[in-house]
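To start, the structure itself, in structure tokens.
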């Protein structure tokens, strides 16, 4: 738990830099998105040896779509209908990149990171297809969603990594230091970007009902479903029994906070920025405590127990 908590020092540094040094968060995120992220993804995916892991993005995409659909259909439960679509998106989309990937790089070995990267591609697919459709109220043609996908550098990095893995093409060991520096840079900039975002928050509009919905879905329903799926696979399907790293990746993905993409999409379609900001901020702050606590006191004991069962 202490090891994970140390990672959050980067968020504090990001907040200080954003608040007092006025660091340009937008340019940092562009560098992260267009340069560092594709390199990390290519390196990670090219290391995959277990192609059963290809089912993980399908699982993540399906869960995201189902979550978004169910919450969206629950709109009669909430008084402020204007936020329903964006909240539906938020409950189904996790911060797999700026928040989750640095944690994965920090905690996991190269093999497990490659599985994590492959799995979160399902979340990226959701955000740019069905998720975008829900947020935009269905006002865009299908071809627009394909155009969005083709503009994602992470998509090309993912395809290149799969091709390299399939043909057994690997990077020479002389580049190990380079990739290690890239990983370290991604961890620092990725986590610091959360601090930058907190520093830029100008107003607060607290919506208790929607915050509770986000908390319930992200911190209870997602982990519960993933735990059930892991349990079922261990005892019945045995898809990942020989590669337990896949189980930890599934569980890690289930506890990540709301994606920063929710804020970007909200601004694009003129949703109330002050309400969305505080919802995302509150969820990310809670995640700083919730994630290490859940990993240490729930996931690790669960994993140790099923590894014994497997053995």
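Backbone N, Cα and C define each Cβ position, glycine as well.
Given the ranges 7-27, 28-48, the record in TrEMBL names 28-48 as transmembrane segment. Simply put, out of 28-48, 54-71, 155-175, 181-201, 208-234, 208-234 has the most Cβ pairs sitting under 8 Å from the transmembrane segment (246-269). The listed stretches are 28-48, 54-71, 113-135, 181-201, 208-234; of these, 28-48 has the most Cβ pairs under 8 Å to the transmembrane segment (155-175). Here the transmembrane segment (28-48) has Cβ contacts under 8 Å with residues 97-98, 101, 105, 110-111, 113-118, 153-154, 156-158, 160-162, 164-165, 169-171, 179, 182-183, 185-186, 189-190, 192-193, 196 of the same chain, all six or more residues outside its ends. If you count C-beta pairs under 8 angstroms between the transmembrane segment (181-201) and each of 83-107, 113-135, 208-234, the highest count goes to 83-107. Using a cut-off of 8 Å between Cβ atoms, the transmembrane segment (113-135) and the transmembrane segment (83-107) share at least three residue pairs, counting only pairs 6 or more apart in sequence. Sequence-remote contacts of a segment are chain residues at least 6 beyond its ends whose Cβ falls under 8 Å from one of its Cβ atoms, and for the transmembrane segment (208-234) they are 59, 63, 67, 71, 78-80, 83, 87, 90-91, 94, 240-241, 247, 250-251, 253-258, 275, 278-279, 282-283, 286, 290, 294, 298, 302, 306, 309-310.
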